[in-house]
Structure formats: C-alpha cells, structure tokens
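Participant: Have a look at the structure that comes next, please.
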C-alpha cells in the first residue's frame, strides 16, 4: 500500500507542477461552463525547452526519505475516505476548475469600486406621494406589480447610507460558470416611515429606489447591461443586475439589493402569526385579518443580510474545507436543477446548513471539502425539515417565535441565527422531499466502490425529463388563478402579493401526493423561474413564468394497479373518501366479504395500465382545482406508438409475448414427456427474443390463406404465388433441446451432425404422433407449428464444443443469459419496453445488422442493474432516454461496461475485469461489455459494431437525445415522438428504393403506411384447420441484402431497417476506389483504366454496379437513386 501511495504522491506532485506550468495559459482562456466530461489528451514527449519544469535528479537520501506528517495524514485520509486515490485528484481538479482565479478577482474588485463611486453620485429627488410616480422618466418602469395601485406613504430618493458586499463572493464560495456578486444598499432612515411594514409600502419603496438608481446607471459607459430580475423569483423582491461593458460582459453580474436601515422595523410586528397586509386594502372589502407569514418573512430577509454574512464568515474562518465543501455542494445542486427558482435550495441556504453543522460540531475544522460534502449529504438524507425544522439561533429569548409557530406558517423550516427569518420559506414540502431523496441516493453511490462516484454525482446532469418516469406539464400557469378560487386560497394569495403560482403550488402537490399515494416513490415540480427584463419594460406578470412541470417516480409494484380500495362504507372516513374522489367512487363488495368504497380505473392492456397515473392526475386536478384536461400535457408514453404493431389500438405487445411464453411452456412440457426417444431431453431453452420479452414486434399467431399459395403435393408445403403480395413474415422461434450425455455419442463432428439430424426426424415424428402437432424436420432443425406459432427445435449435445475444438460461441452463452433476463423482466416490468424501444431505434437508423439483439438487451439491462445516479426506470420512455444517454456519454474507449447479472460479480471481480481490459485494450472489441460469465472477451460485441459504426451510433444518439428531450420538455411544441426514429438519408451515396408489395413486414414501419396489402394470412381464430406448413422465415429483402453483400461487400456497405424499411442505404468504401493493378482474377465489378501508357489499372465500374443492383432485385427494387458523385477517381 505504502509503495503505491508513494507513487500517488509522486503523480500528485508532478500534476501540481504540470498545472503551475500551465497556469498562465489557463488564466487567458478560462472555462466558462460547469465541467463537462472530457477525455485526457495524449501528449508527445519533446525535449524540454528552457523555463519548463524538468525532472529533478534526487539523491539516494532524498529518494528514500520517510514521509512527513502531512504526507502521512494525506495518505491515511485518502485510504479511509476516498475509494480511490483518483477520486481525490478528480475533486481537487474540479475545485480548481470552478473557483475564481486571482486575476479575475482583481478585475471584479475594480468594477465594484467604480460602482460604489457612481452610487454615491446618484442625485436626490423631492418628496412625493408613493402613488405619484410622475417624477420617474418614461423610459424606466417600476419593477413591481403594483396591484392594487393606490397606497399611502411618501417617497424621496437619498443616496445609500452604506454599500456593502454580502454573499458568497467575500466568503470565497462563489463558483463558475455564473459569477454573481451581491451588494446591499442600505436605504437611509429618512426615506422610511412608521407604517412601512403594511400593505407593500416598504416593497414599493425598494422598487422605486432601485428604479431611480437604474435610470442613472444606465447612462454610464461602464455597464454593458442594466436589467431587473426578481430575487429567487420572488415577485415582491426586485433586484438590479449590472454587467461590465465589452469583452468582460460575461465576467460577473453584480446584483444590487436595497435593504432598510438597521433596527428600523420592530421584529415583533413581523412574526409569522402577524398580519401586515390589510384585507380591506388588498381585496377592497373588509374581512378578518389572516396572518401573512411569507410577506413578513420577505421584509425580515432584508434586515439580516449583513448579520448572516458575519455568521458565515465566523463559521468558515480558517476552515478551507468548508469553502470547498460548499463549492462541491453547489455543483451537486446545480446538476440536479435544485439551485434556481422560487423555493430553491440556493448557495446561501446550502452555506447556512454547513454553518449549522459546524456550530453543532458535526463538521470539524480539520475536514476536507469531500468530507464536508459527505456530512451535509448525510444530514440532508436523514433530516426532514418539513416535519422537524431546525434553528441556527442560540438566543433563548422566550418572546421569539417558536419552531412550532414557523411550522404552522411554512412547509419547510430552517430559521436563521436571528431566530426571525425562515430561510426556506418559499420551498414546498415536495421539493424538500426531492432534495432528501437525492441526498440518500448520493450517499449510496458514494458508498459503492464499484462505481465512479465523482462522475455520477458531480458530472452527470439530471434533467427532470430523464430523471422521472412520468412527467406532465401545466401548459398555462394562469389556470392556477382559477385553482386558487376553487381551493379558496384568498389568504395565501394576499400573503404572496397576488402570486397565484406560489399560492397554489403547495396545495396542488399535496393533493396529487394524496391521490397517487403508494403508486409514487416521489412527486416533485419544477421551480418557477422569473426572467430578467430591461429597465424600460414592464415587469413580467405571474403568468409569464412559463409552464410548470411535475415529475413522478413510480413504484413498479403499485403504479399499474387498477383498483383504489377505500374505507368500509359505514366508517366515518368513507364520506371523506367519496368527497376526495367525487363521482369515481363507488361501493364494491370484496372477496373477504367487506363492502368498501373503491375507485376502479379503466385499463385493459399493459400500456394502458402504465398510464393510470395520468387518469388520476387529470381527474383530481379537474375535480379540486378546476384545471381542464386540455391544459395538461402528460408525457409518459409518447414513444410507445413505435412498438405498437397493426392498425387497431392494441397494446404494445406485452400480452402477445405472455401468450407466446405460455405456448412455449406447454411445448417444453411435451418435449420433456416424449415417449420413445433413445435419449431423454435434459433441458429445453428458448433463445428467441420474444421468449425473454425483448422482441420489438413479437410474432402473432397466424394461419396461411391457401388462396395466396400454391401447394407442393409431395413436400406437403406451400409456395407463395408470384403475382400476390409477399406473405406475412412468420418468425421461427428457436428452442434448444439439450439431450442427456451417453457413451454412444460419436466423437467425429460429421457423425455428430448426422446423429442430430436423426434426432430432429425422431422429435418431429413423435410430436406429431403423440400430440398431433404439425411438424417439418430438416437436417439442422425441426419446425413445429403450434397455436399459430412456429417453434424451431435444435438438438444440442453438451460435449460438442470440445469435440469441434470450438471456442464457446455466443449461442453457448445464451442458456445462462436468457434465464437471467427473464428474471430481470419480472423484477423490472419496464425492462421489456426499454429494450424494445432501443432495438427499434437502432434498426430505424438502418443499423439492423450493426448491433446484435443480445448486445442491446445487455445495454438495456445495465440501465436497470446499475442505474446510478438515477433510480431503475419504471417506464419504457425514460428507460429509452437513458439508453441514448448511456450510448452517448459512456467512455467506450477507456472503460468496460460491466453488467452484473444476478449480482454474481463481487468487488474483486470488478477490479479484475478493469485491469484485464486495460492490459488487453488494443485487441478487444470497440464496445466492450463484461458479464459474470464473460469477463474477458465480450462475446456479444466481438464481431460488431465496428469503430466507424459505433462512432455513427454515438452521433445519432447525441442528436436524438437532444431533440427528444427538447420536445418532451416543451408542452406547447409538437409531440411527434417518431421524429428521432426517422433516419437521416443524406449520409448515403446510393439509395435503393423497394417495392412495398414485396416487403413482408411493411406494417412495422415507423410511419404506418397509408395503404397496406393483404398478406395471405388469416387470424389464428379463423375457422380453418391448418394441414400444410406455412412459409417460414421468408423475407425477400434479407435474401436480397445477403446477395448484395456477397457480390459487392468489398466495395460498399449496405444499411437497412429490418422492420419494414422501404429503402436500403449504400455507402462506398473509400479504399475500393483506389486504382488497383490489373489482374484477370480480380475483375468483378471493375473496369480498365489507364494511368499512363505503360500501366493498366482497374477501377470500380459504378454504372454497371448500379445496373446490377436493379437486376439482382428485379420485382423487389423500385428504383436506384445515386445521391452523390463521391466515386470520382
């Protein structure tokens, strides 16, 4: 350990030296974005020029010098805390990346000094009524929604009594990409009057104060932009944003806050239980005076800006670990979209939480940033501030409001050191539950040594649409105005200054949480975000907050349940249940004899059951909040139409696969119990994707329509009529029969083939005799027609691979993998849909032959077995989004994808796989997938994809994911999920257009054809007995492709969508267009050309090849379109 640790220190020191050498360059071009995943660039060693750090030649004494105390401490900490020395280096690198460099700080300080000078020079104004704003020039609008407009009080402008920098900039916890510096402007006492705490008077004075400053600063050359926004999207609190001029515009945003003179407001008037917005003024009619806790809190916030800064400065003094810990926590919050908007957990609240843990001695001064991050995540995971809030106040003053008073008024409680302000006043309970949930998941990831915790927690973004199983959008937030009326939230509306979004949101989320109950693990909402606006524009209205999104994390066991059982009819709770569910509630008698209230949701197929949460959401929002169905855009199953075959609105194939498995189980039993076989069957193994629930379009039971076929008497089989459309494709489902071992098996491979052929004949004969099944034996298999399906039996002998001296083939691996994937489907019902959507997408990109079925199944399985930082998908759609993200974001070049089926791999196996991978990387497939039974060779990706195809897949995945997520996150845009399943064709040199009549799977196309052909098949329930075997596995397009590849595989690549694609894409191989020396044996598809008089060479004869494409596909090919002129030689 010590040896490797010394190596690490050496690496670390050289890294430091390397960084210092590059420091100046970094200062020039500093990264503006949050860190993105990057690949290490290789460097060529050159002789070191002067001025570059050269390796120092250490003396023997220096080389073996014992480590210092500090080095020993660092080693011990790395061993105990970080799973690997790499994690420590990654975190130090990240902190370097996001913290401000000294050079930038100097520029920012200079900018702040200039602002300070300008603020003292803003001219005073004479005193006027608060409602008389004629003194403001027309080109500046007051950044406040003044409803109702008339209000008592006087206003005049005087320059600020003090200008102080507050917030993260002074503490050093400010992080890139957005550098904000908060500056508090203290309004002189002379501006404020006695009753300014009432009826928004103070808030309006703040707004006028900032408007006057904005008008003067906007004339200065120093500023590139002067704009308004709301502080944390709270409409009562406008702030002024200043950015420097020229190339430094993105350097910093200075935010000006106006605040009252210290000690002006009496705290006791602003306790959570007090009223400061009079009903007679707000509603223009007298009534009771309810408390206005949010309003009071918004005034008190402004009184504690400096005291909170001093509190944080005290906690972080001489404690660099706290500074680093807060910076890491901010990155963590940013990746989870929790740090911006109304009711967010912003950097200030995060710093206060860390300071609280310091005060409680849960964090000690010696801790590193990583330890601080772990401690705070542990605290968040185990502390529910919505049930038991905390206070940072040490003051035992009995007159201060208690935590119970705060809980009465707010959903989440975190009281500041003064004991007066709730720092989480705007946060809803459901948002805090999300923070808690994320913290719990993050702790699990940090404790798991098999994953890269740094990458998952701090570098992986978690947008709502990829994190939650179902997402729905409220298209127009203005509908919440009606909801406030329906839910009688007038008092809340008054408290929030008329902001109906903020007033209704907590009630809407608790309503849905009650209705969805145990169907959801977590319900959350996006945070309403206020835009910035120019000072000449009117402030944005509440409805300008855009749309609101809600995310549901489903519980697979209960989400699809069609019954909601309520209390017994004679219990007092029954009336409450009826009131909650409205007319949906009805009396039902249950099997245990109880008569209960119940709600039954209409859903027959699996895909309808998955959308029961949608029915619940729509019903409850209309019943209790008057929000109509048309205002809700529910995105839970937008993509499922692409795996729905046929015209009628049937399900998405789950039921079809269950019936196939039932038929297969019955066939297995019959095979086990066959009498008269020379050797018994020891195992029956289905290897077709439909038997592991991952076939995109599972076979449907069919009977042949004799009028479409001609009979061949002696063979008892059918032949399709050439003038009729190609018959529907019947997929043979492969079933392997393992026979018992015996000394009678021959040792010669040809003899084994013959014995197996005899077994196929025997099986067919016995099945038709004993079970009256229609069978057709062949040398390599025996086809069995049962329940309208075709099962293809193949006999296997367990010693065969050894006799044939073969390596274990993929087929040999199937036996284990299938059972493991079927189990996965039982644990995670969404596995089937995810894998099928993934296959459909890969094939739709014309890459049907570039990824094996098994490879896609394993990629999908990894999303369920190793979902971090997410939870396992519970809907096919979110599973598919993560599949695209995995393809695009995984580092295929430098890492193996480990799929731990059945949890058979232990920590040591992970290390072994990774080490073996690194050692043998140049000889391994470009996409390496390791499983418990295949740790070294990646059987499923050995042959394909090639490096170029993988690169193409990554580009397509990146574009598809971006387009899909944009589309799903925009409730007003088009919801055409098929867009990413339509392949870009401009990439190909030649397109071969096919005749739809001869495409047997035409109906499986992404865009259903307007007219289709009758394919010579009857439904399985047709009253016809099938006495003759149907045409099995006949797909003319695949036969044509095989011929093309055999004839022209050395010149071109051929791409096709096996699910009813109408076009074959052809790409010339660049190497094939290089002139080659003339050889009589090498003239296929080539013609003579002369480079010079002496030398004769051959080049591809493109015109003749295109003609051959048409001749080979006569009747199937409609036209051949040459798209590019790339074959100029």
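From the backbone N, Cα and C atoms, a Cβ is placed for every residue, glycine too.
This is the feature table in TrEMBL:
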type	residues	note
SIGNAL	1-23	signal peptide
REGION	24-51	region 'Disordered'
COMPBIAS	37-46	compositional bias 'Basic residues'
DOMAIN	181-315	domain 'Nrap protein'
DOMAIN	322-460	domain 'Nrap protein'
DOMAIN	466-625	domain 'Nrap protein'
DOMAIN	640-825	domain 'Nrap protein'
DOMAIN	828-983	domain 'Nrap protein'
DOMAIN	985-1120	domain 'Nrap protein'
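Tell me what's around each of these sites.
Facilitator: For the domain 'Nrap protein' (181-315), the DSSP-based tally of helix, strand and coil residues reads 56 helix, 28 strand, 51 coil.
Model confidence over the domain 'Nrap protein' (828-983) stands at 93, taken as the mean pLDDT rounded to a whole number.
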Participant: Check the domain 'Nrap protein' (828-983) against the domain 'Nrap protein' (181-315) for contact, please; criterion is three or more CB pairs under 8 Å, pairs 6 or more apart in sequence.
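Facilitator: Contact criterion not met.
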Participant: Would you call the domain 'Nrap protein' (466-625) and the domain 'Nrap protein' (985-1120) in contact, using three or more Cβ pairs under 8 Å, pairs 6 or more apart in sequence?
Facilitator: no
Participant: Determine how many residues of the domain 'Nrap protein' (322-460) DSSP places in helix, in strand and in coil.
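Facilitator: Grouping H, G, I as helix and E, B as strand yields 74 helix, 5 strand, 60 coil.
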Participant: Per DSSP, what is the helix/strand/coil residue tally across the domain 'Nrap protein' (985-1120)?
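Facilitator: Per-class counts: 37 helix, 36 strand, 63 coil.
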